[in-house]
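Report on the following structure.
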Amino acid sequence: MRQPVWIALPTAFVAVPIAYYCLLQSRLSNPSVVVLGFMLNIAATYWTPCDDYTVFMLIQGAVANSILLRYIEAGMLPRHVQRKWTFLEMIEFWINSDNQVVQKFRDESKSKGKRAVSVRMGRAVTHADRGFSFYLSYAINIAWNIVVYTFARTWFMKYPYHGESWFLWPINFDSVLQQVMFAVLMYSNLQMSYLLLKVPLTLIFGLPLAEWFASPFISTSLRDFWSHRWNMRIKSTLHTIAFLPTMNYLQSKSGKSASYLRPQDVAAFSAFLASALYHEIAVLQFCPGYPLGGSSAFFIIQGALCLLQIRVQKLTGYGVTWGKGYVYSVLGWFMTLSVLLFTSPMFALSFSGPITTSHLIPEQLVSFFERII
């Protein structure tokens with residue numbers, strides 16, 4: 001039976017966090033806490049579905065999808081570290097993949113020469129840093145992304161997404177334009193979830209605000225795109241649950257012996273494999289009936305191309321000893337976006353349905369853009 005909004009929202013965003021915090025403070029082992037946390041989220045999203053589609057998708061995206069990754073990430077930390085969290089520090093970890101307790105533990109481990117179990121993700125904007133310019137920029141970002149999102153969404157209402165190939169045929173202008181509009185729609189969709197959900201939570205609770213995106217479409221290489229600019233919070237989580245465990249394991253087995261692929265390279269590819277699995281689960285969750293395998297192939301290919309970039313740079317010195325400067329940066333930017341566009345249809349085939357038909361649209365803006373298009 002579907003539940004009204006006034007039951008579904010408190011269940012997902014009040015009852016589940018309180019119950020999970022009680023698990024963190026318990027004497028249960030890490031695996032037990034992770035499994036019980038998963039069960040809590042499944043109960044919140046599938047056993048009590050909401051009768052409002054938009055709210056239901058919000059709950060699935062925020063609780064059943066993103067926070068599940070945080071459960072695994074928290075499970076990589078010692079239990080005594082988790083028990084030190086206050087309730088707000090747990091919320092901060094869910095939002096930013098970091099908090100002061102984790103930072104202190106990370107610094108202490110580093111000073112003792114222990115292997116890393118989590119990664120620092122740069123400086124966050126604290127409550128004291130938020131002046132008039134911050135709020136003005138925030139308001140402009142919201143307005144801009146709503147306009148961009150609505151324009152792209154209205155475009156797909158008039159020209160529905162169609163695609164059968166896993167790769168983009170570059171001489172077909174309509175296909176290129178379709179993939180560009182899909183990229184714009186997806187990026188603005190993710191930005192709105194960040195600006196309208198995560199940022200307000202940090203403002204309400206007075207938490208630091210960590211950067212999620214760093215101008216990804218000016219990336220000059222695939223490594224720059226995936227490692228430094230795209231969805232930094234998910235990157236942090238994948239780094240913690242896949243990259244670091246894999247690298248630590250390989251280093252403990254191989255020591256410093258030479259090999260064709262360094263432990264760091266294999267560990268980086270493992271993060272792409274984890275991302276592939278994560279997105280396949282998302283397809284099953286959000287896109288029932290849509291083809292599987294495309295998103296996995298997309299991330300595996302991206303990982304392989306990043307490894308290829310590492311090898312080419314190591315063999316030729318490109319981008320290290322030569323190949324720097326404005327001209328090479330422009331060339332790298334063009335090649336990066338070309339590769340992303342060429343391989344994007346395999347990702348879009350799985351996610352095009354929910355992304356291009358979502359309901360998060362101001363009707364007045366839709367009517368305005370329908371007249372323009």
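Here the Cβ of each residue, glycine as well, is placed from N, Cα and C on the backbone.
Straight from TrEMBL, the features:
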DOMAIN    212-300  domain 'Wax synthase'
TRANSMEM  6-24  transmembrane segment
TRANSMEM  31-47  transmembrane segment
TRANSMEM  53-72  transmembrane segment
TRANSMEM  132-152  transmembrane segment
TRANSMEM  167-187  transmembrane segment
TRANSMEM  194-214  transmembrane segment
TRANSMEM  292-310  transmembrane segment
TRANSMEM  330-351  transmembrane segment
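Listed by sequence, the residues of this chain that lie at least six past the ends of the transmembrane segment (330-351) yet keep a Cβ under 8 A from its Cβ atoms are 161, 163-168, 170, 175-176, 179-180, 182-183, 186, 217-222, 224-225, 279, 282-283, 286-287, 290-295, 297-298, 301-302, 305, 319. Sequence-remote contacts of a segment are chain residues at least 6 beyond its ends whose Cβ falls under 8 Å from one of its Cβ atoms, and for the transmembrane segment (167-187) they are 148-149, 152-153, 155-156, 159, 161, 213, 216-217, 338, 340-346, 348, 351-352, 355-356. Each residue in the domain 'Wax synthase' (212-300) has a pLDDT score, and their mean in this model is 85.
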